[in-house]
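Participant: The annotation ATP binding site is assigned in Swiss-Prot to Gly12, Met13, Ser14, Gly15, Gly16, Val17, Asp18, Ser19, Met38, Gly128. Positions annotated as disulfide bond by Swiss-Prot, on the basis of sequence analysis: Cys103-Cys200. Residues or ranges marked as active site, nucleophile by Swiss-Prot on the basis of sequence analysis: Cys103. Annotated site 'Interaction with tRNA' per Swiss-Prot: His129, Gln345, in sequence order. Residues or ranges marked as active site, cysteine persulfide intermediate by Swiss-Prot: Cys200.
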Amino acid sequence: MSDNSQKKVIVGMSGGVDSSVTAYLLQQQGYQVAGLFMKNWEEDDDEEYCSAATDLADAQAVCDKLGIELHTVNFAAEYWDNVFELFLEEYKAGRTPNPDILCNKEIKFKAFLEFAAEDLGADFIATGHYVRRQDVDSKSRLLRGVDGNKDQSYFLYTLSHEQVAQSLFPVGELEKPEVRRIAEQLELVTAKKKDSTGICFIGERKFRDFLGRYLPAQPGPIVSVDGQTVGEHQGLMYHTLGQRKGLGIGGMKDSSEDPWYVVDKDVANNVLVVAQGHEHPRLMSVGLIAQQLHWVDRLPLSGPFRCTVKTRYRQQDIPCTVTPLDEQRIEVRFDEPVAAVTPGQSAVFYQDEICLGGGIIEQRLQE
């Protein structure tokens, strides 16, 4: 065991079970540990405020139990400028962004990393993400978490090897039930707390209500692939490719009894295009073009290569061939067609356990 007693780690404490156990595991490994609670959003209603206050109280209770200090910092301005405004712009353009990926890129592994190093004198930061770090030839790799159900490498693909090298991910070596068991043994208040779901700044609220506050909804027609108007949508931003629920056109059927799915968004004309059946050709893609690329090793691509890709979280890995088009764009060809490839979402690439990096889906390629 290397001597960690001179190394200071700041753990991002969210008030959840994963970050709680992260702090404990690092203590066990001999590090000097302190916590940091980040406030990334200025709440605008009582329910949100209560939820944030509970999270802070839980984080404080865990730190008290472990005998470590808890610092707090307000990153709401950085969050608004670097995550939220971009999120709204993407929705306005008819795309479906992933704010969690942006939050990791701009806040947790940038603002937090800088604050921990510069203001708190940290050697490392740590988070409760289910990923692993592997150091090879003085470069750090990002690996999938041991628990395949919980692996979060999809959300961390923008990290550089330098950022990975400054980060510790102890729960990535464990399965989730084991993490809960440790928390229960320690009698931490977060042991039975349910995992947070949804986008960090929306919490458990209805997404539609939230978006409607910031973007004016523009109703328009829902049109089938055959050109028939089958209903009205309340705003393209409320819909995503492959969506089935919430279209309000259940009774309308073509010749088949299959349910309707969103297969396209015509932003220029404010038309939502639908078709019946989850394997309708208009829903399937043979590949994609991705941009805003981030490779963990930060090396440029030299030519085509084989790997696997995920076009959304928790998807099965898809074997594919990646071909560089220029420095910031790649073409990806799947071995088999894939449903509901969604512009604005991220395509993340893997070689076995290693997360290579990824990019934003600019367009899908169809036959």
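Note that Cβ sites are derived from N, Cα and C of the backbone, with glycine treated the same way.
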Participant: How many whole Å apart are the CA atoms of Cys103 (disulfide bond) and His129 (site 'Interaction with tRNA')?
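Facilitator: Computed Cα spacing between Cys103 (disulfide bond) and His129 (site 'Interaction with tRNA') is 13 Å.
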Participant: What span in Å does the ATP site cover, taken as the longest CA to CA distance among Gly12, Met13, Ser14, Gly15, Gly16, Val17, Asp18, Ser19, Met38, Gly128?
Facilitator: 16
Participant: For Cys200 (disulfide bond), what is the secondary structure by DSSP, using just helix, strand and coil?
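Facilitator: It is coil.
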Participant: Measure from the Cα of Met38 (ATP binding site) to the Cα of every one of the recorded positions His129, Cys200, Gln345, then give the nearest.
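Facilitator: When the Cα distances are compared, Cys200 comes out closest.
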Participant: Whole-number answer please: how many Å between the C-alpha atoms of Gly12 (ATP binding site) and Cys200 (disulfide bond)?
Facilitator: 14
Participant: Under DSSP, is Cys103 (disulfide bond) part of a helix or a strand, or is it coil?
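Facilitator: In the DSSP reduction, Cys103 (disulfide bond) maps to helix.
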Participant: Round to the nearest Å and give the CA-to-CA distance linking Gly16 (ATP binding site) with His129 (site 'Interaction with tRNA').
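Facilitator: Here the two Cα atoms lie 11 Å apart.
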Participant: Which has the fewest other Cβ atoms within 10 Å: Met38, Cys103, Cys200, the recorded positions listed?
Facilitator: Cys200
